[in-house]
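Working notes, beginning with the structure itself.
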């Protein structure tokens, strides 16, 4: 998956990932929603959520998505959300957590399981900014203010120096505003290899385009897919047409 993602980015594309929260999604409608997202240009599916997620439902969603050629990637909140049915897993460390469990503890428990399942891992530095939402509360994150560019950049550089392939800047599910394009632009200048993933609070194609042009490599939307699919499809189409 890492190679596929990198090849697309090397072509100058900006990628869109659709996030499905197993606790919120309707299994009966997910196939038709996924079909529209793929037809609009989404590059991958992230499956996961912070609360109320069972492995059984995670497996069910991935099985429904099997017909689609785009990657199915686990977006884990804990060690119980690991399945061999996925193509890969975001092997995330919540870098600005005050609880070591979310920095290296859960990862220590998960690592042998991931190895045994031969599941491809995508090393990711997860950094919660601004609103933070449920993920910040559960993960005991020391949330970075939207305008503290210096701290966001420092955490991002740290992720890259740790050898992480991705820096995931997260404003939180349902955030009142997304991470600012100016923050992305400045952060991008300091990263040589790590790719920037941005999620949270992205509600229209205009802000998605601004984030993409500012330097985001992958843009994630989740809530908007559940709340207003037509708007979500516009975002996907806008991103899939961008070349840098």
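Glycine too: its Cβ is placed from the backbone N, Cα and C atoms.
Bear in mind that the values here come from a model prediction, so they are computed numbers and not experimental data.
What Swiss-Prot says about this protein:
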{"type": "BINDING", "residues": "21, 50", "note": "Mg(2+) binding site"}
{"type": "BINDING", "residues": "168, 169, 170, 171, 172, 173, 174, 200, 201, 222, 223", "note": "sn-glycerol 1-phosphate binding site"}
Task: residue 21 (Mg(2+) binding site) versus residue 168 (sn-glycerol 1-phosphate binding site) - Cα distance in angstrom - done: 17
Open item on the list: With Cβ-Cβ distance below 8 Å and at least 6 positions apart along the chain, what are the contacts of residue 50 (Mg(2+) binding site)? List them in sequence order.
Closed with: 77, 134, 135, 138, 173
Open item on the list: I want to verify one value. Collapsing DSSP to three states, which class is residue 168 (sn-glycerol 1-phosphate binding site)?
Closed with: strand
TODO: Indicate whether residue 223 (sn-glycerol 1-phosphate binding site) is helix, strand or coil by DSSP.
DONE: helix
TODO: Measure from the CA atom of residue 21 (Mg(2+) binding site) to the CA atom of residue 174 (sn-glycerol 1-phosphate binding site) and give the result in Å, rounded to a whole number.
DONE: 13
Task: Integer Å distance between the CA atoms belonging to residue 21 (Mg(2+) binding site) and residue 223 (sn-glycerol 1-phosphate binding site) - done: 9
